[in-house]
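**Student:** Would you mind keeping the following structure in view while I ask a few things?
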Amino acid sequence: MTITTLKQRSLLGLKDLSKEEIISILDRAAYWEAQPDKVKPVLQGKFVANMFFENSTRTRFSFEVAEKRLGAEVLNFSAAVSSVQKGESIYDTVRTLESMGIDAGVIRLKPIGVLADLATKIKVPLINAGDGNNEHPTQALLDIYTMRKHFGELKGLTVAIVGDILHSRVARSNLWALQKLGVQVRFCAPPNMVAADLAAEYISMEEALKADVIMMLRVQLERHENGMIKSAEDYREHYGLTVERAQRLAPHAIIMHPAPINRNVEIDDELVEHPQSRIFPQMENGVPVRMAVIERALV
Ligand code: NCD
């Protein structure tokens, strides 16, 4: 495989992906969603390694289901059971799997910049399953797929992303992709969770409730220094999607959240499965979207 095709087959982020490429992945995901058979073995004989150097349940299972539905052989490991704990570097681990003959790698890791560096050294396609607070491209693709499924047309929509923007790779990937698709993205965040590096307007919670899509983010406690939030109650009062606030959403508006959810912090328990919520459909849509991304890496 040449360097160019390797680059085209990998998915490191959405910042550098064209609008056409994004749309072609969404269209292919729609194709996979419409397939009646659970398994279509187009990747028979291909080996995919899911390498999670940071905790994950949903994303890891979603990739695994997608890979198995395409008939691939799947290898899994998470950092807790790997020799990373014994000091082996991320590079050595990925290189080890590469030398054993994997055809593609799905990777999640914490340190920023490592993935971009790895991609220059590893010769099989890599798919980013979340790198630090930089990008989480398949999450944003499934979010956008969910929006397109509900509204039909993306252009002209308004999306309010609310919460811990500073630590959110989901907000970054969504911002960069949605802007290319003609969607107006606005952020709403407590002052200490604003991301100064991102070009988006910040609005109040009242304004955010007027958007077509209100996307709530998990408060990323594991990435916080002490005292970033006063208390869960205080956060909910100022930035939570409460039952009372949700009554002010437009009837056509939808509620999204990438999960896992801190119930009754960024979103009230009763809203998670509310008729306007798309939180479980987001998870459902993650599988065909990841099938499209893995197929693009390997076929
Ligand atoms: C997101 C992540 O890991 O960045 N979750 C996910 O992929 N299911 C969002 C989050 O953890 O808050």
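Cβ coordinates come from backbone N, Cα and C, glycine included.
What TrEMBL lists as carbamoyl phosphate binding site is Arg58, Thr59, Arg108, His136, Gln139, Ala259, Pro260. Sequence annotations record features per position, and here TrEMBL assigns L-aspartate binding site to Lys86, Arg169, Arg218. According to TrEMBL, the domain 'Aspartate/ornithine carbamoyltransferase carbamoyl-P binding' annotation covers 9-148. Annotated domain 'Aspartate/ornithine carbamoyltransferase Asp/Orn-binding' per TrEMBL: 155-294, in sequence order.
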**Student:** Just name the most isolated of the binding-site residues Arg58, Pro260, going by other Cβ atoms within 10 Å of its Cβ.
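**Tutor:** Among the binding-site residues Arg58, Pro260, the lowest count of other Cβ atoms within 10 Å belongs to Pro260.
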**Student:** Restricting to the same chain and to sequence separations of six or more, state which residues have a Cβ under 8 Å from that of Thr59 (carbamoyl phosphate binding site).
**Tutor:** Arg108, Ala129, Gly130, Thr138, Gln139, Gly286
**Student:** So how far apart do the carbamoyl phosphate binders Arg58, Thr59, Arg108, His136, Gln139, Ala259, Pro260 get, largest Cα to Cα in Å?
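**Tutor:** Greatest Cα separation within the listed binding residues comes to 16 Å.
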**Student:** Please average pLDDT over the domain 'Aspartate/ornithine carbamoyltransferase carbamoyl-P binding' (9-148) for the predicted structure.
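**Tutor:** Reported value for the domain 'Aspartate/ornithine carbamoyltransferase carbamoyl-P binding' (9-148) is a mean pLDDT of 93.
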**Student:** Can you tell me how far the Cα of Arg218 (L-aspartate binding site) sits from the Cα of Ala259 (carbamoyl phosphate binding site), in Å?
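**Tutor:** Cα to Cα, Arg218 (L-aspartate binding site) and Ala259 (carbamoyl phosphate binding site) are separated by 7 Å.
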**Student:** Hey, what's the Cβ neighbour count for Gln139 (carbamoyl phosphate binding site) at 10 Å?
**Tutor:** 26
**Student:** Given Arg108, Arg169, Arg218 as the binding-site residues, which ones have a Cβ positioned under 6 Å from some atom of ligand 1?
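**Tutor:** Among Arg108, Arg169, Arg218, near ligand 1: Arg169, Arg218.
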**Student:** Around the C-beta of Arg169 (L-aspartate binding site), how many further C-beta atoms are within 10 angstroms, looking at every protein chain?
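**Tutor:** Other Cβ atoms within 10 Å of Arg169 (L-aspartate binding site): 23.
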